[in-house]
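Visitor: Following this message is one structure expressed as structure tokens.
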């Protein structure tokens, strides 16, 4: 990456926004007021919200099958992988938020400024494909949920899901807090649905807790290792790193004041960690549900429809089987898909503005972002006559794109947050810099392994 000269003055070893470019998510940037000289809890409430938008990326429909299959095949052993993945997510999202708060720019803007035109354009294409891949998984999840709940044909569900971009346009005019509240509500629905279903399943709590302890079999068992890689590889979503660096700037604070910046970093990180803990709980519940209900049944649980049907089949899940369990599962799937499409659309805008500085009306920008994602799904649905199995195969392919794009977001993030020139006194400390690079290298290796295995399975 080339050196980037800036003529803006620094204060308290921080860099102010460089140039006269547009702010990240300009229409909501700095719009949420933070009370001055307030107590801990009141200040925390002011900063609470962005973490929920980040957390939905860690419990989107693309993660569900892997988590439930992990429990169904290996009982509670892979809970330790869920825990480790969540800790990694917390570290990287804290870096992302700190980058946005200190520099006043998002990860996409900084990447564009610190690379040449060709490199920047290539990175934009890769990242745009990742956004499409993310949105594809969420659109498919929502469309299948609408079919399971209301009997809508898949093509109708896809179109309905695609149109929620219009709802987002209205919400943005009402204020960013409204978006945060809606996403938090959808996250709560997911949490309570799976908590209820796990309580009904009555897992052995001793075995559950033991599952969080590291086990050598995770590495020595090939099948277990592959599923572990699936959980870890799908945990850190590229678009969340861009999103986190942008929405951390929605709070209004004095960026020229060191104390205000430090406070923003502190409370944004607390909010992020709380919400990612909830995502950890949801992913744990998914795996626990798979273990408690499906371990030893030899059931085919590779698709959402299979899971939906299994929950109402007493021969598979026993006496607790009921249509209500299936409907609750579909409701949680719809909540996950809808909350994720909101954040995916926002991330798409951040990436389009940040990488290519595209100037167009917001409604057009969001519509283009959504059309780029929904078009492949509609084409697939038409070609395969709405066949759920084929549509879900597209979801699997979409995860490969996410794996490819991950290093192109993670490496710049670690570089930028480790830069004294960019971050001043808020740059990564030595231990976090080393840990960040170790995590980046490990995740890249894991994702390459996943890509090769996925392509081998497809062939």
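In case you wondered, yes, glycine gets a Cβ from its N, Cα and C as well.
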Visitor: If you check Swiss-Prot, which stretch out of 253-273, 316-336 is marked transmembrane segment?
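Guide: Within the set 253-273, 316-336, Swiss-Prot attaches transmembrane segment to 316-336.
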Visitor: In Swiss-Prot, which of the ranges 3-23, 276-296 has the transmembrane segment annotation?
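Guide: Going through 3-23, 276-296 one by one, Swiss-Prot gives transmembrane segment for 276-296.
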Visitor: For the transmembrane segment (316-336) and the transmembrane segment (152-172), does the number of C-beta pairs under 8 Å, pairs 6 or more apart in sequence, reach 3 or more?
Guide: no
Visitor: With CB pairs under 8 Å as the measure, which of the listed stretches 38-60, 120-140, 152-172, 223-243, 367-387 comes out on top against the transmembrane segment (434-454)?
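Guide: It is 223-243 that shares the most Cβ pairs under 8 Å with the transmembrane segment (434-454).
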Visitor: Taking a Cβ cut-off under 8 Å, which residues six or more beyond the ends of the transmembrane segment (77-97) line up next to it in the same chain?
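Guide: Contacts with the transmembrane segment (77-97): 50, 54, 58, 67, 70-71, 107, 208, 211-215, 217-218, 224, 227-228, 231-232, 235-236, 240-242, 244-245, 248, 265, 268-269, 272-273, 276-277, 279-280, 283-284, 287-288, 410, 413-414, 417, 428, 432, 435-436, 439, 443.
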Visitor: So if I exclude everything within five residues of the ends of the transmembrane segment (152-172), which remaining residues of that chain have a CB under 8 angstroms from its CBs? That is, six or more out.
Guide: 27-28, 138-140, 142-146, 178-179, 182, 337-338, 341-342, 345-346, 362-363, 366-367, 369-371, 374, 377-378, 381-382, 386, 388, 391
Visitor: What stretch in 120-140, 181-201, 367-387 has the biggest tally of Cβ pairs under 8 Å against the transmembrane segment (223-243)?
Guide: 120-140
Visitor: Residues of the same chain, at least six outside the transmembrane segment (181-201), with any C-beta under 8 angstroms of its C-beta?
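Guide: Hits for the transmembrane segment (181-201): 49, 52-53, 55-56, 59, 171, 275, 278, 281-282, 285-286, 288-289, 292-293, 311, 317, 320, 325, 328-329, 331-332, 335-336, 338-339, 342-343.
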